[in-house]
Amino acid sequence: MKVVKNYLYNAGYQIFLLLVPLITTPYIARVIGPTGVGINAYTNSIIQYFVLFGSIGINMYGNREVAFYRDDPQKLTKAFWEIELLRFSAIIVAEAAFFIYLGFTDQYHTYLLMQSLLITAAAFDISWFFMGLEDFRTTVVRNTIVKIVSVILIFAFVKTAQDLAVYILIISGSQLIGNLTLWPFLRRHLVKVNWHKLNLVPHLRPALVLFIPQIATQIYLVLNKTMLGKITGVTAAGFFDNSDKIIKMVLAVVTATGTVMLPRVAHTFAQGDKVQVRRYLYSSFDFVTAASVPMTMGLAAIAPKFAVWFFGAKFAATNVLIMLEAPAILMIAWSNVLGMQYLMPTNRNRDFTISVTIGAVVNLILNIPLIINFGAAGAAVSTVLSEASVTIYQLYVVRDELSVRHLFADLWKYLVAGLAMFAVVFWLNTTQPFNTMWLLIEVGAGVIIYAGLIVLLRAQIIKQVRQLLGR
């Protein structure tokens, strides 16, 4: 039941994170416009490289180490301080590198300085500790409060396109303050530590091993925006950023399982129960497939008129981008299960690293011709193909431990239901006026069609739902 409880906490928070942009994104898009959104996306993508190099794989590594030592307070305390001090050291180097970079660029200095608060915030991010303990309540409550305050500040102080700097400061500042608010909760879990016996060095190599896949992952998450900003301009980066936000908002609900299952699988694997690890994986893979297929189909179906309604007429170009990028939801959902819920917690770091490196290389190679020739649409296609390459490689490397046939046993049922749903919703979207009422009708029709068909087809997910409901 703890896994279910943690999933509900995390999924609930992810739904909250889904609702916040639903409130703020249309407002920000209309107030600061495509260029402002693009400048924010472009400068943030630059800062994320420094955050990445300052974090050196600590989130994944720390989460896993805490899961290993959580039953021994002495070892847990020692591991926490060693890992956190290692992160502090790396962030100091990253901050220095950022200011060196700032001296060599003449664009967007003010915005970059405000975004750089995110580098400092990363030093104080200890959410990995509570995730490893499977204490999701602490992080969820804290994050929710901070997000609510930031939303209030956005509506209070961001009024015109000239308030872009204020908007960036609110977002980055709230991240720093939010991370600091977690520190008082450490007292419940840590004991007195002997500072002279701390040794950071043993953590460096394994953290760096996990850092390599994070480099690849993060690079192809932000590379599109950086390259669009450089090649096509910040406005195109703004169009793509808003499309990407919609995809990520939908995806967040599905990938909530990864955050919950990583420490659980790591703990089960450490106890040597490989049979239970496989059970977790088959169940989780079926769940994310059942959830991500309708999200992919549904989002693609409403895309033709959604962006103009949601972001405003200036973002009409985002309609086609959402439709093109929607298949990435399914690809990322699968790679999240295989990578974050199996390869990572079972110490298959090399395979995970290779998979995301392949994705980054594919993304980089495809981005150059596709962005040059098709702009933001090319970046969307490149994203889908790079995510597909990650999933294909991960399926290849787990083929001897996991039954690929078992993983995809009910996929055809979900695809049949999803395609039927897509046909009806797409027809409604293209033939009827698009407003809030019709959006609800389209979503409602999609849910009824999809749910009805998977019940008729007796998909495995129905059994999982009944077990959760205790029936």
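The backbone N, Cα and C atoms fix where each Cβ goes, and this holds for glycine too.
Note that the structure is a prediction, hence the values are computed from the model and not measured.
So that you can see what the record holds, here are the features copied from TrEMBL:
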TRANSMEM  7-29  transmembrane segment
TRANSMEM  41-62  transmembrane segment
TRANSMEM  83-104  transmembrane segment
TRANSMEM  110-133  transmembrane segment
TRANSMEM  140-158  transmembrane segment
TRANSMEM  164-186  transmembrane segment
TRANSMEM  207-226  transmembrane segment
TRANSMEM  287-311  transmembrane segment
TRANSMEM  352-372  transmembrane segment
TRANSMEM  378-399  transmembrane segment
TRANSMEM  411-430  transmembrane segment
TRANSMEM  436-457  transmembrane segment
Beyond the flanks of the transmembrane segment (41-62) by 6 or more, those residues with Cβ under 8 Å of it: 80, 83-84, 86-87, 90-91, 93-95, 97-98, 101, 108, 111-112, 115-116, 118-119, 122-123, 125, 127-129, 132, 168, 203, 206-212, 214-215, 218-219, 221-223, 225-226, 228-229, 234, 237-238, 240-241, 344
CB contact flag for the transmembrane segment (411-430) and the transmembrane segment (436-457), at least three pairs under 8 A: yes
Seg_contact(the transmembrane segment (164-186), the transmembrane segment (287-311)) with at least 3 CB pairs under 8 angstroms, min sep 6: no
Stretch of maximal Cβ-Cβ contact with the transmembrane segment (352-372) [cut-off: under 8 Å; candidates 140-158, 378-399, 436-457]: 378-399
When counting Cβ pairs under 8 Å to the transmembrane segment (207-226), the leader among 110-133, 287-311, 378-399: 378-399
Cβ-Cβ under 8 Å with the transmembrane segment (378-399): same-chain residues at least 6 beyond its ends: 220, 224, 227-228, 240, 243-244, 321, 324-325, 327-328, 331-332, 334-335, 338-339, 342-343, 348, 351-352, 354-356, 358-360, 362-363, 366-367, 369-372, 407
